[in-house]
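Peer 1: First, the structure itself, so that you have it in front of you.
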Amino acid sequence: MAQKGQLSDDEKFLFVDKNFINSPVAQADWVAKRLVWVPSEKQGFEAASIKEEKGDEVVVELVENGKKVTVGKDDIQKMNPPKFSKVEDMAELTCLNEASVLHNLRERYFSGLIYTYSGLFCVVVNPYKQLPIYSEKIVDMYKGKKRHEMPPHIYAIADTAYRSMLQDREDQSILCTGESGAGKTENTKKVIQYLAVVASSHKGKKDTSITGELEKQLLQANPILEAFGNAKTVKNDNSSRFGKFIRINFDVTGYIVGANIETYLLEKSRAIRQAREERTFHIFYYLIAGAKEKMRNDLLLEGFNNYTFLSNGFVPIPAAQDDEMFQETVEAMSIMGFSEEEQLSVLKVVSSVLQLGNIVFKKERNTDQASMPDNTAAQKVCHLMGINVTDFTRSILTPRIKVGRDVVQKAQTKEQADFAVEALAKATYERLFRWILSRVNKALDKTHRQGASFLGILDIAGFEIFEVNSFEQLCINYTNEKLQQLFNHTMFILEQEEYQREGIEWNFIDFGLDLQPCIELIERPNNPPGVLALLDEECWFPKATDKSFVEKLCTEQGNHPKFQKPKQLKDKTEFSIIHYAGKVDYNASAWLTKNMDPLNDNVTSLLNASSDKFVADLWKDVDRIVGLDQMAKMTESSLPSASKTKKGMFRTVGQLYKEQLGKLMTTLRNTTPNFVRCIIPNHEKRSGKLDAFLVLEQLRCNGVLEGIRICRQGFPNRIVFQEFRQRYEILAANAIPKGFMDGKQACILMIKALELDPNLYRIGQSKIFFRTGVLAHLEEERDLKITDVIMAFQAMCRGYLARKAFAKRQQQLTAMKVIQRNCAAYLKLRNWQWWRLFTKVKPLLQVTRQEEEMQAKEDELQKIKERQQKAESELQELQQKHTQLSEEKNLLQEQLQAETELYAEAEEMRVRLAAKKQELEEILHEMEARLEEEEDRGQQLQAERKKMAQQMLDLEEQLEEEEAARQKLQLEKVTAEAKIKKLEDDILVMDDQNNKLSKERKLLEERISDLTTNLAEEEEKAKNLTKLKNKHESMISELEVRLKKEEKSRQELEKLKRKMDGEASDLHEQIADLQAQIAELKMQLAKKEEELQAALARLEDETSQKNNALKKIRELEGHISDLQEDLDSERAARNKAEKQKRDLGEELEALKTELEDTLDTTATQQELRAKREQEVTVLKKALDEETRSHEAQVQEMRQKHTQVVEELTEQLEQFKRAKANLDKTKQTLEKENADLAGELRVLGQAKQEVEHKKKKLEVQLQELQSKCSDGERARAELNDKVHKLQNEVESVTGMLSEAEGKAIKLAKEVASLGSQLQDTQELLQEETRQKLNVSTKLRQLEDERNSLQEQLDEEMEAKQNLERHISTLNIQLSDSKKKLQDFASTVESLEEGKKRFQKEIESLTQQYEEKAAAYDKLEKTKNRLQQELDDLVVDLDNQRQLVSNLEKKQKKFDQLLAEEKNISSKYADERDRAEAEAREKETKALSLARALEEALEAKEELERTNKMLKAEMEDLVSSKDDVGKNVHELEKSKRALETQMEEMKTQLEELEDELQATEDAKLRLEVNMQALKVQFERDLQARDEQNEEKRRQLQRQLHEYETELEDERKQRALAAAAKKKLEGDLKDLELQADSAIKGREEAIKQLLKLQAQMKDFQRELEDARASRDEIFATAKENEKKAKSLEADLMQLQEDLAAAERARKQADLEKEELAEELASSLSGRNALQDEKRRLEARIAQLEEELEEEQGNMEAMSDRVRKATQQAEQLSNELATERSTAQKNESARQQLERQNKELKSKLQEMEGAVKSKFKSTIAALEAKIAQLEEQVEQEAREKQAAAKALKQRDKKLKEMLLQVEDERKMAEQYKEQAEKGNAKVKQLKRQLEEAEEESQRINANRRKLQRELDEATESNEAMGREVNALKSKLRRGNETSFVPTRRSGGRRVIENADGSEEEVDARDADFNGTKSSE
């Protein structure tokens, strides 16, 4: 998993740094040296390179020391490429074998990466040091992430299980398995830590009363259980001496609602006895080291060496302080809710256990009775346990036992007393542990919420092999066998059964990991009974011992394959069991006692009656334990049926543990298990050391390789059809029609739409199965799709909201218009008199109704007040009743609680008594029945014994000698028959193996035939060689960059070191301050807690009062709101009345005015006025009275209302103040409490963190110092590597020769196969000769056996005669002696025959063993080939997936290409349109220029007329005489001239306006032209960029074509070397390829030249553009300045025409200056000087204009000055003419230059375009030519590859046939080995073998003929291929002439098909290349 940037310190232990993985040196070594793994005695496996192959042996050179070693081919294992170094999931390894897995684990372990995925489970190697990968930051990193998104970690396993539990609603379990010391307990703690953070129940919850308490207690349960249940062993400093299953319950939302812990088999014997260098349970050492003085005195504690039960005294644990751990344990007990009294009681029991070990007994002198000379330790024990010393001593030394109906005292021996004390200590500690566990479970399950599902975590003692292995080790190893069996069954059996159940094509694989035999050896109840059943059976026998148990075990299970008796017996109680992790030697001493676990009833009854309540509670259920005292009543003889225990009978430890384990396994089977395989790296507990053989043994035992293999080959991810459709239908929305219901068909349609590779999935009956990684890919696609959908939805929502807001604004606009219209209407209406009258009269109509409304309101108000009083009285009564009822309810609840507790206790007592009674009754009945059976059996046996004794006495004397001889012969016969039977069984076994091998051979043949079709795809791997050169070059650059980075990092590390030193000193000071603050805060916290309790009590009372007050307030607020509404209505009525009053007053005033106005009209009007005034006065009086009465009423109501409101507000304020005070006190207290707790927690954490940081900084400082030195060394090494890599790049070419050597090797293999064929024929002949020899020997043996059989028959007949004639033995004594002598001679001959027979049997067995060894070797080679075949299948699947991905890329690229073509056509259309528009604009500009020239010509004509008029005026002035003409004529002429001058001015102004319009049009055209030019330049630039991009693409394509051509050439060379027969045919292709390469190189050179020319043109074009842009900028500036000057000159023109001409001349000069600036940048300085001159000239003209204005004003007054003015004007006119002529000539010259530059620019642009187009066309033509060459070469290569494939196929078929013959020969060997059976069977087999050999020879001859035919067809095909190539070169003919042979015709047809495939592949090939 590549990480960006620099990895942090904690991430270094999680992520793999990819910069150090892709080493070019390692890659080169792997490719060049053919690196493999070979076995090593030290490292397990070593890297080596293959140097030479010698048949079945290979010579390799070790990489480490260069030593050459010869090893077998079967012992070599393939090495993975370097890119798979430190791979996170070992299922990704291409070569899966033990060496690769071990190497990967070793590399990751040495890099600090302890977690590694192994398929579906995780492997963790114990680092034996602290790693920074368990912080809160790491927890946040893994929270909610998918497994493939993060590196391997225990957090990832926990999160996966947690998410699966929530998503699938299935219970989960996490099983941490492994040997002792592998790290199971630590990983269990990390899982709980992660779940406590992720599934915290107080997040987002309202019930903050138990904020985080449950999670805190869950985390603190581990320290308590570890203190009381863990101990230091040889392998592990913190070994769990009990097993536990932690069940964490979750609700539906995923929050923790409770937990429960179950424990298994506490090793209580450790409390009294420990092995060397081991400790007892941690709590004993914690207590002695951590207890303070007062506690030491209370608990009577002593030193470590004063306790007998501490066998080794004080044994320290590295990096752990016992006193600190004691404090942590006490704190954990406090958090779990243990009171101080309970803690003290627990520690008292611990101390009493230690004191029990100090009680010493001695044997009295004359008797065996034990005595206690010193009872000091006993007094301490009794003081701690609260019992009487005398009673305790009596119970131990002289306990009371029941004999019959009497109770007597029995004196105990020293050994019995010691055993009783030790048993009491063990039982006490076990009961204490159980009590602690129940107390922890009670604390963890106090929420009483129902859990929807649970997640179980199993932490159980790992597999143990010690020097002395006892009963505890057997139980632990038995548990591990069951767990490993569960793993095997889940991973291998259930997985494959589900494949078959779902109908998936799957060949069942037997991984050979069945552990059932070993489990049955331990747990089987009968037929024959297992270890536990035999142990329980022996416990029933009173005289049974451990030796008798072992003897019976050897008798029953002696032949079991997993049971062994040690060869060298140290003790008769030893036996061995072969577990999955190895052979374990068990010592069965004291097993019967441990299994029965007896106790002294006298002591237990004492403890039950202890004065210490805690001790009595521990022993309260002592009566339920049925001791073994009843066993003494049994008779001496017992039946074997006693092993069957019935319900209610005595339950042994083994039975209880077996049942408990069965329940655990049932629970685990009902969950979905997640396995974590913990690996122990070494037994020295050293970090950084890895014992290869130890790790390999654990990997083999744990089934790691098999788990990876089934994960790779199988389909581990599966999902139900409906869920798959529901979850991933979004990815194929249109694939399923609406209303489609069939789930399976829907999934098939979705899969087709998703275009998944068929090899990646399988569709079953109810589920769809996927390979690893496919579902993760689909999840990523789904997330992307959902993101797009959400974005589209958000866009639609925003659009809807925008439209809605727009509609709302439109409605507001219409409303505003309506309001405006109404306001305008009102403004028009308000001044209308009738409207004013209407508004004044209308309110008066409602005055009469106000009195009635007021009266009704008063009545209503009175009723409301009465209801309020009544409600208040009822409220008080209800409050009183409520308080009474609540008190009664509390009393009833207390009584009910007491009753329920009493009932529960009574029920529990009743159940216990009933169970006890039932047990005792059943035992009694069983004993009585067995006693009767035993008595009957005893009587029968006695009678039979007497009869047998009599018979034996009769026969003993007669048959002593004959019986001895007969037994001897019988033994020999039995042994011979057993050997023959064994040989027959071996023959049957070999037959089965032969059949099995033949089936496997068929399977392998089918697989190999499938693989041969896909061999062409495998050949593509050779292409990787050509890419190595590029990779090495990139590696060199990367190494240089890394070197620089290393130097920077070294400097940063030095800075960091200095910074760390300063921080360390600061942290020391902070630690001291924090410790002081912690002490102060603890004091404050205690005080605040007391205050908080008191405040909470007050708060509860006040909350009840507050609730009542709030109810009153709500009711009063309702009344207030009603009154407020009434008051508002009254106020509104009053306002209306006042308004009416004002309106009436205004109306009265209006009427007065009207009356005053109309007073003088008529008398009738006066009368009306008087009447109106009277009415008005009456109305006024009435109105005043009403207002007064109304005001009085309102005043009264206001007073009443204010009184009520004030009372209510006072009450409300009081309640509010009380509530505010309470809330304030509550908040302050809660805040202070939370702050103090937070500060305390933070300070504690800070202290720990500071200490941790201190240690970490010290470590980092050392590491930094070492890194600095390492960095210097690495820098030097990197410099050397850079030089080496440059040399190694050159060595890559050597790899090509190796690849060519592979092809040559194929030819050699063909020759070797021919030689092997001859060898097999010779072997076959030898086998037949050996078979004949064996058959002759067997015939001889059979004859001898028949003779022996006849002799045996004769002896049997003689024996029968002897038995019939026993009575006549005395008479025939002499005859019998003779017969006996003959018999002795025959016995000797039989002895000699037996010896010969035995020798021959030994020779046959030796041959059998040799054959068996050969068979094992073949089996090994078969397994290796099977593994390689599996790896090839996996690689084939990967290649297919790559091909499908490339096809998808090809389709995408075709789409992109079509889009690019559309865009290019679009751009071409736009370019044409822009050129057309530019042409139109140019024509418009030319027409405007012509119009401008016409306007200038008109202007020039006007100037000429003006000049003529001036000349006439001069003539007139010159023609006047001195006295001349009179003034009247002069004035007349003056007026005429002035009128003419005015007319000329108007004409001039009109012309100027026209000129101005034309100039404006010209400016607009220039601006438009400028914009068009800018747009055209942008388009041109965009096209240039596009062309540049296309050029780059073409260059890339050319480069890729070069690489492809190089690949094709190399492959062609390889093919030519592989098949020498085709060399002549392929020479033409090589020549063509060389010519193509030369053409390509010439094209590349031409392309480089064109590129250089293009760059030159581009530079020139860019320079021209830059100069043009600068000219345009200066021109714009000058235009702006010119416009300002034009404005000034316009004002001057109005005053004087002469100044106008000067302005125009200056303007012309300005325009000429601008054009001169546009033409050349070199004349910029001259133009600036010219501009300054013109500005000076303009200023001068302005001064002259002022003077001329003064002259014009003076000319009206003084005519005399006209002559001077005319002369002055004529002079100025002459000068102006000369300057105008100069400017005109300069302007024309600049215009010519501008036109020339424009034409040059256009010519250059046209030339550049034409050159660019021509270069593009040339390049495209070259590319097309090269593509055609590549296509032609590809077609030729495909044809050659096709022919090569067909020859390879034929060759492989021949190889397979040869292999079949070899296998058949081996089969004959095996059949020859079966010659140990009967002679007839051997003869029949020999005849069958001869027939089979003849048939094989016929087949071989037939195969030889077929081989000859195949070679002839190959030659014919070669000729036809040459003909086809010649036809393909011509390319005219499309059909081929068939040859004579049918094989030739098939080749031609295949060639046709291959041509089509070649065309299709070429098209795909070109598409993919262009896409790249």
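Backbone N, Cα and C atoms are what each Cβ position is placed from, and that goes for glycine too.
Annotation comment: Swiss-Prot describes S8, S23, S40, S1684, S1722, S1954, S1971 as phosphoserine, evidence class similarity to another entry. Per Swiss-Prot, the feature domain 'Myosin N-terminal SH3-like' maps to 31-81; the stated evidence is sequence analysis. The domain 'Myosin motor' annotation in Swiss-Prot covers 85-783 and rests on sequence analysis. Look at Swiss-Prot and you will find K129 tagged as N6,N6,N6-trimethyllysine, backed by sequence analysis. The domain 'IQ' annotation in Swiss-Prot covers 785-807. Among the features that Swiss-Prot reports, phosphothreonine is placed at T1177. Positions annotated as compositional bias 'Polar residues' by Swiss-Prot: 1762-1788. The feature compositional bias 'Basic and acidic residues' is assigned by Swiss-Prot to 1789-1802, 1866-1876. The region 'C-terminal' feature in Swiss-Prot is assigned to 1935-1972.
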Peer 1: Quick test of the contact rule: Cβ under 8 Å, at least six residues beyond the ends. What residues does that give for the domain 'IQ' (785-807)?
Peer 2: 730-731
Peer 1: Between the modified residues S8, K129, T1177, which lies closest to S40 (phosphoserine), Cα to Cα?
Peer 2: K129
Peer 1: Using DSSP with the three-state reduction, classify S40 (phosphoserine) as helix, strand or coil.
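Peer 2: The three-state answer is strand.
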Peer 1: Averaging the per-residue pLDDT over the domain 'IQ' (785-807), what integer do you get?
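Peer 2: That region's mean pLDDT is 93.
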Peer 1: Around the C-beta of S8 (phosphoserine), how many further C-beta atoms are within 10 angstroms, looking at every protein chain?
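Peer 2: A 10 Å sphere around the Cβ of S8 (phosphoserine) contains 13 other Cβ atoms.
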Peer 1: Given T1177 (phosphothreonine) and K129 (N6,N6,N6-trimethyllysine), what distance in Å do their CA atoms have, once rounded to a whole number?
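Peer 2: Taking the Cα atoms only, T1177 (phosphothreonine) lies 112 Å from K129 (N6,N6,N6-trimethyllysine).
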Peer 1: So which of the modified residues is most packed in, judged by how many other Cβ atoms lie within 10 Å of its Cβ, out of S40, T1177?
Peer 2: S40
Peer 1: Across all chains shown, how many C-beta atoms besides its own are within 10 angstroms of the C-beta of K129 (N6,N6,N6-trimethyllysine)?
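Peer 2: Result for K129 (N6,N6,N6-trimethyllysine): 12 other Cβ atoms within 10 Å.
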Peer 1: C-alpha of S8 (phosphoserine) to C-alpha of K129 (N6,N6,N6-trimethyllysine): distance in Å?
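Peer 2: On Cα coordinates alone, these residues lie 19 Å apart.
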Peer 1: Pull the DSSP breakdown for the domain 'IQ' (785-807) and write it out as helix, strand, coil residue counts.
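Peer 2: So the counts come to 23 helix, 0 strand, 0 coil.
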Peer 1: In the domain 'Myosin N-terminal SH3-like' (31-81), how many residues does DSSP call helix, how many strand, and how many coil?
Peer 2: 6 helix, 30 strand, 15 coil
